[in-house]
Amino acid sequence: MRSIYCGQVNEAHAGQTITLCGWVHRRRDLGGLIFIDMRDREGIVQVFFDPDKPDAFALASELRGEFCIQVSGVVRTRPDSQRNSDMATGAIEVFAHELTIINRAEPLPLDFNQVNSEEQRLKFRYLDLRRPEMAKYLKTRAKASAFVRRFMDEHGFLDIETPMLTKATPEGARDYLVPSRVHKGKFYALPQSPQLFKQLLMMSGFDRYYQIVKCFRDEDLRADRQPEFTQIDVETSFMTAPQVRELMEEMIRNLWQHVLAVDLGDFPVMTFDEAMRRFGSDKPDLRLPMELVDVADLLTAVEFAVFAGPANDPKGRVAALKVPGGAELSRKQIDEYTKFVGIYGAKGLAWMKVNEAANGIEGVQSPVAKFLSDEIVREILARTGAADGDIIFFGADSKKVVADAIGALRLKVGRDLGLMENSWKPLWVIDFPMFEEDSEGGLAAMHHPFTAPSNLGPSELKANPLSAYANAYDMVINGYEVGGGSVRIHNSEMQATVFDILGITPAEQRLKFGFLLDALKYGTPPHAGLAFGLDRLSMLLTGTDNIRDVIAFPKTTAAACLMTDAPSFANQAQMSELAIATTVKGDE
């Protein structure tokens, strides 16, 4: 029906007769001529109708926004005075000879010329996706996916599918459960990741595996999370962690070059401990030239319990954050930041404005200065590198609260004051703790329970699990964790030890993971891998800050689809066939 896309017509086609299919983006009548901007997924082109072609002209007078049409006509170059540099096709226009109205459109519930509510956009997603901006997002995602498939194929990886209906495993979030009709009372789980299946593929001899796969997690949502999401899932045998990182870094560097023509350069490597100490986050945004600086050793003897308490507590921390130019902040703004850090558990926010750094305590303005000596103030200024016109914020609490609160404050103040560099800052974060304490006083795996420790045997790990580091690695770009992985446990004794530490009884181990423990007994190769979030990568590549923009039919933050009204109640016949009942009625 078409010979070319609207957005692909250019001066090289001048004089040619072409056929276009698409939608009326805009219509206007000018001096006896009718002009339309005609749109398809590749872009927009101007088409005009002249009374010299009376049939097409008469029909064009009926055109309205979003009519689906077919146009045949001749490509003409525009006079210099009429060229539109804002359009990729702005040097040409199409003189229409024939027009077919394929389908008319009722008045739209969305207005493409203004900002529509998120609710309306999701309810009428099939219309929202017609917008050129949305088409650009999904085309970029498709381009990224195609590149990844080529790269993986060229490097010897096999695209192997793993099951969607599987068994529930503890991976940190709730599972989506699917009732079995055949096995009444039993449930499948939709996979949170293909983790165990890809490890089993390594045991099966498929030493380089990948797939671009849907995963499901029933967890609280936010701007960069969805209940169903897409992973670029990778696993390898006989490769070390540095080798895996090197290969995957090459893929991401080449992806950025392919899609954005940007050279990311070599990725720096930072330990988890360093990232938390300097930035208060295990996914630091390095575009912001501000760091947390330890000052506890200066404050152990001050007569100010807010500082002295954490400074003398092995589990406490006092950190300073210098904000360039921050002395201009008003008291009202500082009070707002004090409320902000309270969200993260901080009980307050001490501050120090630097008016004349050379004058030490006489050159600063701070409600806590009266508790400090001139020597201490000068050392704080020296350590933070503070200059005239800066402000220093202090976090004094447990290490976790200081990291969470001042780490978040760093990002918020940096954005508010426009201190964020317009650049790409990727890095690897490595050497994560193997375990962390959970809310009930037990231990939880920081990544997942199949991650191998770094250079520890089972007995050493069991003796002191909280001091163990995992052979794990995350890739971070501009403050987003875009991928994470690890070297996996490849012997049954170590795997059973990790399960023991996590409080999984031998009986539970057999029930939930018996197949894995058995498989580990039959010549398992060393293996490692990782998974990238394709949605998150696409979000970065397109420049949007909302992951829903790069997913064709996303869910809301309440995990609902406004367009199809999912989830919905099942009828009683379906429930009976599945031998299940619910305590919630359909009208509640």
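Heads up, the Cβ atoms here are built off N, Cα and C, so glycines get one too.
Per Swiss-Prot, the features are:
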- GLU171, ARG217, HIS447, ARG488: L-aspartate binding site (BINDING)
- ARG217, ASP218, GLU219, GLN226, GLU481, GLY533, LEU534, ASP535, ARG536: ATP binding site (BINDING)
- 195-198: region 'Aspartate' (REGION)
Predicted model, mean pLDDT over the region 'Aspartate' (195-198): 96
From binding-site residues ARG217, HIS447, ARG488, the one whose Cα lies nearest LEU534 (ATP binding site): ARG217
Spatial neighbour of ARG536 (ATP binding site) that is closest, considering only the binding-site residues ARG217, HIS447, ARG488 and their CA atoms: ARG217
Integer Å distance between the CA atoms belonging to GLU481 (ATP binding site) and ARG217 (L-aspartate binding site): 17
Among GLU219, GLU481, the one of these binding-site residues whose Cβ has the fewest neighbouring Cβ atoms within 10 Å: GLU219
Mapped DSSP class for LEU534 (ATP binding site), helix or strand or coil: helix
Integer Cα-Cα distance in angstrom, GLU481 (ATP binding site) to HIS447 (L-aspartate binding site): 13
Euclidean distance between Cα atoms of GLU219 (ATP binding site) and HIS447 (L-aspartate binding site), Å: 16
Summary of DSSP states over the region 'Aspartate' (195-198), given as helix, strand and coil counts: 4 helix, 0 strand, 0 coil
Cα-Cα distance, maximum over ARG217, ASP218, GLU219, GLN226, GLU481, GLY533, LEU534, ASP535, ARG536, record's ATP binders, Å: 19
Integer Cα-Cα distance in angstrom, GLU219 (ATP binding site) to ARG488 (L-aspartate binding site): 25
Count of other CB atoms lying within 10 Å of the CB belonging to HIS447 (L-aspartate binding site): 20
Binding-site residues (ARG217, ARG488, ARG536), the one with most neighbouring Cβ atoms at 10 Å: ARG488
